[in-house]
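Data first, discussion second: the structure below is written as structure tokens.
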Amino acid sequence: MNAVTRIEAARPQAATPPILTTRNLTVRFDDFPAVSNVDLSIEDGELRVIIGANGAGKSTLLDLLCGKVLPSEGEIWLRDRNITGIGEAAIARGGVGRKFQTPAVFKEMTVLENLQIASNRYVKVRDNLFRRFSRGPTDRELAVAERTGLSSFMKRKAGELSHGQLQWLELAMVLSQDPKVILLDEPAAGMTAAETDKTAELLLALAGEHTVLVIEHDMAFVRRICRTITVLHQGSVLAEGTADDIEKNPAVIEAYLGSATLSHA
Amino acid sequence: MTYRSTSIAAYIVFFAVVFALPFFLNSFWTNRVATYLVYAICAVGISLAWGYTGILSLGQGLFFGMGAYMLAMSLTLAVPENNPVPDLMLLNMQPDAVRDLCCVTPGSFLWIPFRWVAVGMIAGLLVPCALAAGLGYVMFKRRTTGVYVSIITLAFALIGQLLVINNQPLTGGFNGLASFAPLTIAGFEFDPYGPSVYYAVAGILFLVVLGLRLLLSARIGQVLKAIREDEARARYLGYDVESYKLFVFCLSATIAGLAGMLFTLTAEFASPSLMATSFSISMVIWAATGGRASLLGACIGALLVNFVGSYASENAVLQPVWPIILGGLFVFVVLVMPNGIVGLIKAWFERTPRDNSSRREAYP
Amino acid sequence: METFVIGLSIGSILFMVALGLAIIYGTMKVINLAHGEMVMIGAYVTVLATRHLGLNIYLCLPLAFLVTAMFGLAIERSVVSRLYGRLLDTLLATWGIALILQQLVRIHFGLALFGIKIDGLGADLQNVPVPVELQQTWHLLGANIPVYRAFVFGIAVLLGAATWWLLYRTRFGSQLRAVSVARNTAAACGVNDKKVNALAFAYGCGLAGVAGVLVSGFKTVSPDMGTSYVVDAFLVVVAGGVGQLLGTFAAAGILGEVQSFVATWLNDVYGRTVLFAVVILILLFKPQGLFVTKSR
């Protein structure tokens, strides 16, 4: 369906701008450039993976995209809307959902309540003053729960779930937001092999209706899900392409001290 | 018996007792319990801000005091001898000043609107709300959180107290305002030592608690809980956390102002001591003792601590030790029962094994 | 000029109290609302030591340090360490401890209940004799500088230097700094973070105790004298930038001068009011403090 090619071959006939673009994105912490001059262009429905060594700037890049960190230079565009610096809540309302490395869910609330909060269409104070949540799940919430395997846990307090289930819950919450772009920070972290497989399947299924941007370490996982990989090194884009392209790329090989780190499994 | 049904029963019993009490109390105690109910209203406001949303304001005394002063000004002017100009201004004026509210002492013109009791009553709600809106807007838009909010509100209240003390011609200074006419609405006079003031306070407590219960059972209740637990996460889900905090902060301040006005009716004075740090922090302990995330708990905590406190202050043996007991209560509640009495009860309910379907989150 | 000197001594006291609070807050993120009571205890140690032990004020300085440090250690071990991570609750608990300490002094640590009174304790105001040499006034540059105020300033500088040495030139100091910045990493490297907490808390309280000794020399001593110090001190800490020793020093100096000048110009009350207002503004517009390193 989506044959994504390298960034260099920009399609001149693209009538609508790509869903997510960054231009010259840079952020410095005390003169240390954590991310520098990153130009990213992600098409609708794409499943893009970002890899890189620790400290390469991957999480920082996600922080920039979801609004957690303000860039020192550069811009971020969501389709034709400049979302640089408009704040996390506004970016989220614009259709960007983020899933964190350590699952960030509301542990004191039940699974259902978590989903309700996430799927709530109304975010302003006045809209929530008189409306109530329904006692049971709506169809949408049920659907999301089913997709992530949580339908039998609706009434459980989130704090009682296992780590893998927490990851799923957070994913379910992000999906409930019905986002255009989903940012995932190491979604398979801490999961068993079976859970990892499920995650990979889910991500592949999500691509297409949503645009998915994944940060990952586990090359086996990456190989299963990826279309295009972006390699970050010391804050800049080192290379982009399919898995095979990346592995053969001399710059990448050099950066990773030989190909051993790239092609296990 | 589920937790939920116990909780509803508790509300009913509590208010039944509150409304029945005056039949068993003499006028002195009626007045005293009315004052404690005023404190309960205050504690409920704190429970909303702190227990539900996680905003620990240590300066609620400022809003309480402001509410008290607003109505106090009107009630002072309602005394016939205080026209055209109240005694406190006469004592502080320059010899050749005009004996009129517009210009007898610096700033005295601010009292003019308070000739109408209605203004005093409206101001008692609006002024604290406006102060809270101003401070809250700047604080929350700048993403101030946690302890910083506590210290800023504490300092803000201190400033308020200092300014009130320092402007004796305008505010009565250190001693405050104390000679009032009784509040009269449509010919009905409210007697501080009679059932009229008592039921006014009790009725307002009931309405406030009912109103907040309704509010918190709407979606906003859950959003506030989410914000309390992980406000960053709430932001990433699209919620404008700052607006919610501002809303709650202002509502809590308005409730404190309302309580302050009622205090003027029951205790018949308004002074800077109401804005003192120790008073503000005591309010927090009332809510903490009863159960910070519980409206009813906050009421119970306020009543309990104050009852014991007044008993202790009047008991020769306990009186010198009471502040130690109170301080110890702070430490004890925080260490041993952080969710207060209501928390203990809730924990008891959740201890007994139940199947998943009835394991519901139920906040009183 | 006199106003400037007064400002310096206000700033010096602020600095010592704030420094202690800064160390405690920096290491554990705890706001110790009983810190003002540490100042009060230091003052009472001076009262009792000069009255019953015949010590002079110089010897009271280390004595008060030790006594308040021990109080601090006791508080940390019994209450604060059990509230790790619950900052708002620690605030309330330490306030409770402050109430207890104040009342204990009022009732002579319980002895008054049995009719025993110790001269120097109780709810009345106390005074401390100041050595003759410190009661002089220097005449410098056409201004009258009370020697005592210069003494206060001198001790503050000494303590500041000693603290700097402790933090940057000793092993304990580097452990403390490590724990302040990255607790778990420090613990993983073998630093006993609980011990560091306890000692940091004790040291911070000790500093406040020394401040108390100096305060007793020019203010009357009473059980509730400490409350006003804690808010001021915390405001200084955050205004200067948490974790910045120099920032605390500078902020204390600046705020001391601000208060002094406004007090002279208007009155004491406005002096404090403006102080608070200035700090609130600083907190709101530069939440990291005036002197800060930008970081993640």
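Cβ from N, Cα, C; glycine included.
Quick caveat, the model's predicted, so the values are computed rather than measured.
Residues or ranges marked as transmembrane segment in TrEMBL: B:7-25 (among others).
Sequence-distant neighbours of the transmembrane segment (B:37-55) (same chain, 6+ residues past either end, Cβ-Cβ under 8 Å): 18, 64, 149, 198, 201-202, 204-205, 208-209, 212, 216, 221, 224-225, 227-229, 231, 244-245, 248-249, 251-256, 258-259, 262-263, 266-267, 283-284, 286-287, 290-295, 297-299, 301-303, 306. Residues or ranges marked as transmembrane segment by TrEMBL: B:37-55 (among others).
Residues annotated as transmembrane segment in TrEMBL: B:62-80 (among others).
Annotated transmembrane segment per TrEMBL: B:116-140 (among others), in sequence order. Residues 62-64, 66-68, 70-75, 78, 149, 152-153, 156, 183-185, 241-242, 245-246, 249-250, 252-254, 256-258, 260-261 of the same chain lie 6+ residues outside the transmembrane segment (B:116-140) yet bring a C-beta within less than 8 angstroms of a C-beta in it.
Under the heading transmembrane segment, TrEMBL lists B:147-165 (among others).
Positions annotated as transmembrane segment by TrEMBL: B:197-216 (among others). Away from its own ends, the transmembrane segment (B:197-216) comes close to residues 11, 15, 18-19, 21-22, 30-31, 33-34, 37-38, 40-41, 44, 48, 52, 190-191, 224, 255, 258, 262, 265-266, 295-296, 299, 363 of its chain (Cβ-Cβ under 8 Å, at least six residues beyond either end).
As annotated by TrEMBL, transmembrane segment applies to B:243-263 (among others). Tertiary proximity for the transmembrane segment (B:243-263) is limited to same-chain residues at least six positions away from its ends with a CB under 8 Å from its CB atoms, namely 35, 38-39, 41-42, 44-46, 48-49, 52-53, 55, 57, 60, 63-71, 120-121, 124-125, 127-129, 131-133, 136-137, 140, 200-201, 204, 208, 220, 223-224, 227, 270, 274.
Among the features that TrEMBL reports, transmembrane segment is placed at B:269-288 (among others).
Sequence annotations record features per position, and here TrEMBL assigns transmembrane segment to B:295-312 (among others). Taking Cβ pairs closer than 8 Å, the transmembrane segment (B:295-312) reaches residues 7, 10-11, 14, 32, 36-37, 39-40, 42-44, 46-48, 51, 205, 209, 212-213, 282-283, 285-289, 318-319, 321-322, 325-326, 329, 340-343, 364 in its own chain, all 6 or more past its ends.
If you look up TrEMBL, you'll see B:324-349 (among others) marked as transmembrane segment. Under 8 Å from some Cβ of the transmembrane segment (B:324-349) lie the Cβ atoms of residues 2-3, 6, 282, 285, 287-294, 296-297, 300-301, 304-305, 309, 312, 318, 364, all in the same chain and six or more residues away from its ends.
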